[in-house]
Amino acid sequence: MVTLAEDGVSLFLPKSYDIIWTLVILIIVAVFFYKFFLPKFQAIFDERAAKIQGGIAKAEQAQKEADEAKNKYEAQLGTARVEASKIRDDARAEASHIISDARARAESDAAQITANAERSIESMQQKAMVSLKGQVGDIATQLAGKILGSELENKNVQSDMIDKMIADLDKQNK
Amino acid sequence: MIDVFSSGVTTLAEASMEMPSIDDFLPPEILFQGTPFAINRIIFVRILATIIMLLVLGITAARAKLIPGRWQGAVEWFVEFTEKNIVYQVMGEVRGKRYVPMVVTVFACMLVFNLCGEVPGFNIAASATITLPLVFAMWCFVQYWIAGIREKGLGHFLRDEMFPKGVPVPVYILLAPIQLLELLIIRPFSLTIRLFANMVSGHLILALCLSATQFFLFEVANKAMMPFGVITFAAGAFMYLFEMLVACLQAYIFAILTTAYINMSYPEID
């Protein structure tokens, strides 16, 4: 019992060599952790965090650039579309303008040509009528003179008769 | 598993002659006897465990890559667990940063040394002399005194500890000495005794179960007693796993109490 108690007490009494070895081990291990192990892993953790953060930032930058480009293209597309429709409208307006111009010009040309033609026809008719009248009168007079054997003396009577004949001829022709 | 236990039993049988006793914790000096550098069995186990730990962790750190493998991932998990779940959770990141290496050192050493009790061939925790937990506890003691003096000054630190606010004045007669005792003796010695007693009792129970198994299965004269060996073997297997849990748990408790004691030296405001 006494020896057991003595053993029990000595269990709780640190031995000097035990203290020395424990201190040696503790110092070595502490230096290892403080100077090598943890700085190394801390550096790796930091590097990894920086890399992840950098990756995220890069992705965000790329996303932003893509969005900007998209917006730019969409804006360009919009203005192009507006321009195209404007050009189309202009062209359509111009075309209808040209058509109506051409039509108006053609109509006026046609009217002029018709009028000219009518006028020339009329004048030709007039001319023909006058010359015909003269010729027919002469011929008829000669003819009548030959037939009657005498020349009609009175010029007024002559022309009256001729006019009457022509009117008769006209009537017959119709 | 059987090999593990039987080899354990042989070592134990050689070391303790069947029955474990507290002599297991006072082994004879085997090297440099009588000098201040004498080495006994437990110190030998401790030195060996230290060398293995430094080699394994040193190689891991030297080969550490940005993208971790499985082993590196496990080591990193240990470091981050200690950093975040022990130090930062107790102290906060600002105060805790300077103590991370200390707590990692304490936790890793305790874990490795405590688990030596479950390593076949070692069969005794490297922390199973009073000295090792005492030295680690003294480290903690020095750190919380330094922290208190640095953060508050010696006078303020002692006043805050011995005369906590909100206590009726007469109570201080009783409270102040107790608080001083706590600060000087109870904290480091509770750390020490808790760990040491756990390691001693764990070793005794495990060794008792295993040497009883050895006795009942192979050495008992009356063969009818052999079924007892099966029971003691089952108990030994259970105790083996239980002691692994205790080893990890005690290392964790030691680390978290170290952190908590240092944190208590800081001013209250957060």
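Including glycine, each Cβ sits where the backbone N, Cα and C put it.
According to TrEMBL, the protein carries these features:
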TRANSMEM  B:43-62  transmembrane segment
TRANSMEM  B:99-117  transmembrane segment
TRANSMEM  B:124-147  transmembrane segment
TRANSMEM  B:167-186  transmembrane segment
TRANSMEM  B:195-218  transmembrane segment
* Determine which residues of the chain contact the transmembrane segment (B:195-218) at the Cβ level, with the cut-off under 8 Å and only residues 6 or more beyond its ends counted. => 5, 8-9, 12-13, 16, 18-20, 22, 24-25, 110, 114, 117, 123-125, 127-130, 133, 225-226, 228-229, 232-233, 235-236, 239-240, 242-243, 246-247, 250, 253-254
* Go through the chain and flag residues at least 6 beyond the ends of the transmembrane segment (B:99-117) whose CB is under 8 A from any CB in it; none is fine as an answer. => 45-46, 49-50, 52-53, 57, 78-79, 82-83, 86-87, 91, 123-128, 132, 136, 139-140, 143, 195, 199, 202-203, 206, 243-244, 246-248, 250-252, 254-255, 258-259, 262
* In the same chain, which residue numbers or ranges, 6 or more beyond the ends of the transmembrane segment (B:167-186), come under 8 angstroms Cβ to Cβ? -> 158, 161
